[in-house]
Amino acid sequence: MQESQTKSMFVSRALEKILADKEVKRPQHSQLRRACQVALDEIKAEIEKQRLGTAAPPKANFIEADKYFLPFELACQSKSPRVVSTSLDCLQKLIAYGHITGNAPDSGAPGKRLIDRIVETICSCFQGPQTDEGVQLQIIKALLTAVTSPHIEIHEGTILQTVRTCYNIYLASKNLINQTTAKATLTQMLNVIFTRMENQVLQEARELEKPIQSKPQSPVIQAAAVSPKFVRLKHSQAQSKPTTPEKTDLTNGEHARSDSGKVSTENGDAPRERGSSLSGTDDGAQEVVKDILEDVVTSAIKEAAEKHGLTEPERVLGELECQECAIPPGVDENSQTNGIADDRQSLSSADNLESDAQGHQVAARFSHVLQKDAFLVFRSLCKLSMKPLGEGPPDPKSHELRSKVVSLQLLLSVLQNAGPVFRTHEMFINAIKQYLCVALSKNGVSSVPDVFELSLAIFLTLLSNFKMHLKMQIEVFFKEIFLNILETSTSSFEHRWMVIQTLTRICADAQCVVDIYVNYDCDLNAANIFERLVNDLSKIAQGRSGHELGMTPLQELSLRKKGLECLVSILKCMVEWSKDLYVNPNHQTSLGQERLTDQEIGDGKGLDMARRCSVTSMESTVSSGTQTTVQDDPEQFEVIKQQKEIIEHGIELFNKKPKRGIQFLQEQGMLGTSVEDIAQFLHQEERLDSTQVGDFLGDSARFNKEVMYAYVDQLDFCEKEFVSALRTFLEGFRLPGEAQKIDRLMEKFAARYIECNQGQTLFASADTAYVLAYSIIMLTTDLHSPQVKNKMTKEQYIKMNRGINDSKDLPEEYLSSIYEEIEGKKIAMKETKELTIATKSTKQNVASEKQRRLLYNLEMEQMAKTAKALMEAVSHAKAPFTSATHLDHVRPMFKLVWTPLLAAYSIGLQNCDDTEVASLCLEGIRCAIRIACIFGMQLERDAYVQALARFSLLTASSSITEMKQKNIDTIKTLITVAHTDGNYLGNSWHEILKCISQLELAQLIGTGVKTRYLSGSGREREGSLKGHTLAGEEFMGLGLGNLVSGGVDKRQMASFQESVGETSSQSVVVAVDRIFTGSTRLDGNAIVDFVRWLCAVSMDELASPHHPRMFSLQKIVEISYYNMNRIRLQWSRIWHVIGDHFNKVGCNPNEDVAIFAVDSLRQLSMKFLEKGELANFRFQKDFLRPFEHIMKKNRSPTIRDMAIRCIAQMVNSQAANIRSGWKNIFAVFHQAASDHDGNIVELAFQTTCHIVTTIFQHHFPAAIDSFQDAVKCLSEFACNAAFPDTSMEAIRLIRFCGKYVSERPRVLQEYTSDDMNVAPGDRVWVRGWFPILFELSCIINRCKLDVRTRGLTVMFEIMKSYGHTFEKHWWQDLFRIVFRIFDNMKLPEQLSEKSEWMTTTCNHALYAICDVFTQFYEALNEVLLSDVFAQLQWCVKQDNEQLARSGTNCLENLVISNGEKFSPEVWDETCNCMLDIFKTTIPHVLLTWRPVGMEEDSSEKHLDVDLDRQSLSSIDKNPSERGQSQLSNPTDDSWKGRPYANQKLFASLLIKCVVQLELIQTIDNIVFYPATSKKEDAEHMVAAQQDTLDADIHIETEDQGMYKYMSSQHLFKLLDCLQESHSFSKAFNSNYEQRTVLWRAGFKGKSKPNLLKQETSSLACCLRILFRMYVDENRRDSWEEIQQRLLTVCSEALAYFITVNSESHREAWTSLLLLLLTKTLKINDEKFKAHASMYYPYLCEIMQFDLIPELRAVLRKFFLRIGVVYKIWIPEEPSQVPAALSPVW
């Protein structure tokens, strides 16, 4: 009831107000009066009925609505502004409060609803510019209410009409308030239209969700839930939630919906199904609509009033729509306009045409009429924005320009507020492609700044929200507009500025930047947008060709800054994109004990914060169901990029030389080899130069013809007009200039055309088509070439083609139509190609600003044509768009553009002093370094770091006095990079640390601390400038060269100090220090690089001969302290570098430097040793190695002394913690042991003595690994001949070490180390005894006699004392060491030294060896007897009589001492040994040697045979070296000139003779025991003298020698030796001639040589053995052989004796005859018979010689025995028989 009364009140008052108007009373308004009166009467009647309660509240019906609306319609049609205003106001309120819904059918127009008629009536109230301003405002209010009201629905044409009317009011109204209100209303309407469309989909999604949530899911519902439509709707809902507005937009991230728009969206979001109406209304709906209207109108009026008189008031709306392009305000729009009727009519007609023509088609594609509404409005706005501007300079107040601007602004608003449906629905995407993008291609090159600016803003929005669907359109916009404007030299500053402002936003979005690279640069068919963009920005940032652009220097600088800002943003995006790969060293630690402080964390976040604040990554836009997406595979894209580069290079080659390009592409596998493949390539690849394509196809070569045929055959001319076919044929290339080439092409074209159109009847043959095609080409040239003045007429053309159709004419109408078509449009290449070529060809230098503008306008026009053609070409195309997600894209991106980026930053830093430019360049370099670091791109990283270092001026050759603020900032940046990217810097640390080093020097010089660096050495006299040259050369690298070399005055110094003053600030000093303190947080590889380059810089600092600096050396010490707590693996790698550096520094020729190094080493070592060391680790060994190196290489006594003292201090204070370090300690002392400085030797020996005697007592297990080094060290002390007392004491300590090994074998056995291949049982030997004994042998071999004798004694004492603990195989090793003593004899040395060695050491050693062997025979005989025999043989064979005698003596002693333990095998070996010695020492040369050239003297045949009674052993023997074993040929001519050779030979022969004699004696002593034979001979003599043999009886039965232990075979071997020796000596003694020759040659001396002693002793020994065996019952089995041997030997001996002429010779044989006869007499009768019968004749002969009485007595006994045995004589009385004749058995 209340509602009805309210409505009645509105209507009544309005009608009464209309009737009351005096205008209504005029006659022409009679119908209006009647309608008003009728309506009032009905209202009164209705109210009366309601008051009386006679009827229920009436429901709205169609007839009633008609009655109510008719007076208002008539009122609106009246010409009275007041009446119209009143009517409109009432309608607006009725609609706003829901009193009119308009759902009733329109009685006057079937198929329409009343609301459509109402809206049409409201719109008709606007009659153009002359419409009353109040009426205009009421129209705007009414229409906004109609669109926004929740009570009514208007769609399609009606809603389009409301928008059009407001649009026209904005254009036509002269009132600023109305204009602003109309514009705001338009924005609000669009907001409502598109919001309702989005909310409708949300509503559907909610309705789909309700049954799913409330009921158990059936299979059908489940299928629906996962259907694409449902998923899309649900996704759309999620995307449009107001709770997630954080998404960053390319349009500066603001949300363009106005507050009023939000209100209307929230309160008007109850969409209904098609055609439905609301059954009820919200209580507050009317108030809400009222508020909206009041807000819109009030705010519009207020803003217009505030800005009255200012330019472009609609920019307020622009601000609401988030446009932020910093271009100065544009033009005034307050002027009056004309021609609105035309404009409105064109709008209406266009839109009506669209609505009528496409109504059903469009509606069929939309799921709701709201979507169609939005589509129609959007399309209309696009078409409005495409309307061309008038000719000439654009008028800011013209309808065309204002229409274009507002349409673009509204489009921008729509796009910025686009919801999920608009962003994903295929119809809207297609609308954007077909209408908006084409519109942008025209407006995007507009010369009007506002239009251009809006176009850019729209493009930004498209790029932000729609790039998934607009891949190819975005490419066109970039390639043909953005980049062309940047590249064109004639572009205006305003256009460049706006483009680069837009690029600033694009480049600040990481997702967008990476997407551009992935989708264009990595697409085979797309342009390299990213690469080209960066290159263009780089050129702008470098400020090239600035003066040619018509810009002021300030404008150029602004542009440079923006270019740099874009480049920096791109790198920031890359950093942001790859941030997950970055490890900040300041947020971790490599030391377990350390943690970051809050201050350090804060300090380290600089770059991170800057990076994070740059821009957040864009979210991926939602793709529609029809959009193709590609999987993001970085490796695949990289492969594509490589292929693309190959193709581009091939195209580049083709455009120079086609065949070469084709060949290259085929070689790379990018192009097939068949002609069809090549033809297809020519068709598809638009980047090919069209002229080159034409020339290639027209060439006469066979291959070219085949390609051309394939090219034409791939064209389809079916059912095409001839001219159209020809156009298609010629659009892909430019016709070549040669007529023959054209002829070939036309011939093939004609053939192909006829082939495709075989059913045609126009052409008689292909010849006709060929001639006609040729004539068309000629016609095109004639009509369209500016060179042709007189153009061909149609008649002339027809005449020219007479008779070409098989001698007949083609129809004139046909030829005429061809002429007209060609006249209207020439035949040319494809428009995109033609325009692109035209654009590129117009680039030229301009002479004036006017010329530049004209040329630029021409270029912009061509650009627009190209862009429009390309946009239209791709409007229906679909291209897959990849939304990049992988981090790995950044690496190839950066690799592609790092060089132009570096060029831009370098030139910016070098040429521009602007602080903002420098700041941008430095920030860019920082980001570039970060990227290069993260992806391990060493070349790129090093290049950027070197650039920073270069611009710091710290390493440049220019004077450091030129340092400016940018250079200071560069230094700070370099320090920051070191701090934040240290983990990745690698070799780049070199540049950074070099700069830090030079920075420290600059600080010192700048603060006056070290001005001596500028004036040479401080030792020079004052005022001298001689040092300048040196200092200048020294610090050229610092940039001090120019400052120094020219001398230093006060002004220069002041300037210098001022320039480097800031580098000495606390912040810089702290930052530098933080690099070193922060080294603990570098990872394991980075710290090694850091240390390596710090050491390299330190070496450079120390390289100065005059002023070495120790800054870096000090830092090395510091970081060693800081990093000492790292894990051992890392620390060992660090110390490997630092230790090597200390090696070099410790040997620095400058003593101060070396002292500092050694002292630093000491401090570090003490700290390191405090940590201790676990078993089997070797870190101490590595750490202390520099001391060892310094001792080895540095000969400075000061440094060596200091090193020894440092080690001594460590030993005294840290002995308990030292493990593997003992090796280095002993190595250092080993070096000191050989020093000539007594103090060094004494100090080292004292510490060594302390270690061995004291520390080993307590820490022996820890030092086992170095025990060998300790012994070696002592050995070195012992070998220092300059300090004999130390030598003896050292040997004593070695003996002392043996005590440790003996007492602690278990410790040695249990010790495990690197030599794990040593068996536990052998460790005592390998680590204990062997080193001791080996070093003693070294002492023996190296030292002088007293020391080596002591060493020899100690060595054998140790053997004898501890040998019982040795294993058998240890003895083998030991004797190899012992035998090394004799190895010294094998070296060529001085004769005197060798002789001394043989007679002392070797002699001593031989006897000692035999003693040890005897002592430990059981252990040694199996393993070492052969070696000992071999060694004895070697000694015997030496040319040293003493050694030879000692060898035989030792052999004798060895056998006598141990023979009773010998096995038969050992006796075999022993006998073989003696046999070998015998054979090798027989001096056969004595019998054969002859002096060369000496003739035999016959007088010498009868020589005096008197011999001296002295034995051969008394012959004068000269000391000799080991001589030759063989004599040279007697015929050698060199004998006369080489007497020394003879002496050497004779000495050797003498020694052999001595050895033979010694060996005979040795055999005798071994078999019968020493002195037994002599005693026996003496007894025989006595017996002979006494004429009795009784004394011999007891000797026969006592065998003290080895006889009883030797087998007969062993004895036979010895007998062979003896017999051979006897035979040789007998032969020599009998050869008087040879003896004379030798005597004359100097052999023997004064008397003739003889071997009488050898002759007799060998035979005597032989006889004794044989006779002993002959009577030995145990050898009965060998008696026969013995007897045979005995008979032979004795017979030969007696026979020889008879032949001897010399009395002295016979005298020497006396004892032999006594022995022979005496022994024979002692055998039994049976055996005696055999002997007597053999000897008898010889004995009879002997009787004739003058014999001594003893021999005659024995002969007498022998003959008496013969008589008895042979019974010649029988004694009468036994008592009378001589004792000799009594039987012995």
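Every residue, even glycine, has its Cβ placed from backbone N, Cα and C.
Fair warning: this is a prediction, and the values are worked out from it, not measured in the lab.
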Report which of Ser1079, Ser1511, Ser1625 appears in Swiss-Prot with the annotation phosphoserine. Ser1511
Hey, which of Ser80, Ser218, Ser1463 does Swiss-Prot call phosphoserine? Ser218
Looking at Swiss-Prot, which of Ser349, Ser355, Ser1621 is flagged as phosphoserine? Ser349
Would you mind telling me which one of Ser214, Ser279, Ser1520 Swiss-Prot calls phosphoserine? Ser214
Have a look at Ser78, Ser700, Ser883, Ser1302 and find the one that Swiss-Prot tags as phosphoserine. Ser700
Tertiary neighbours of Ser700 (phosphoserine) (same chain, Cβ under 8 Å, six or more apart): Gln740, Lys741, Arg744
Can you check what DSSP calls Ser700 (phosphoserine), collapsed to helix, strand or coil? coil
How do the residues of the region 'HUS' (508-528) split into helix, strand and coil according to DSSP? 12 helix, 0 strand, 9 coil
Can you tell me the mean pLDDT for the region 'HUS' (508-528)? 89
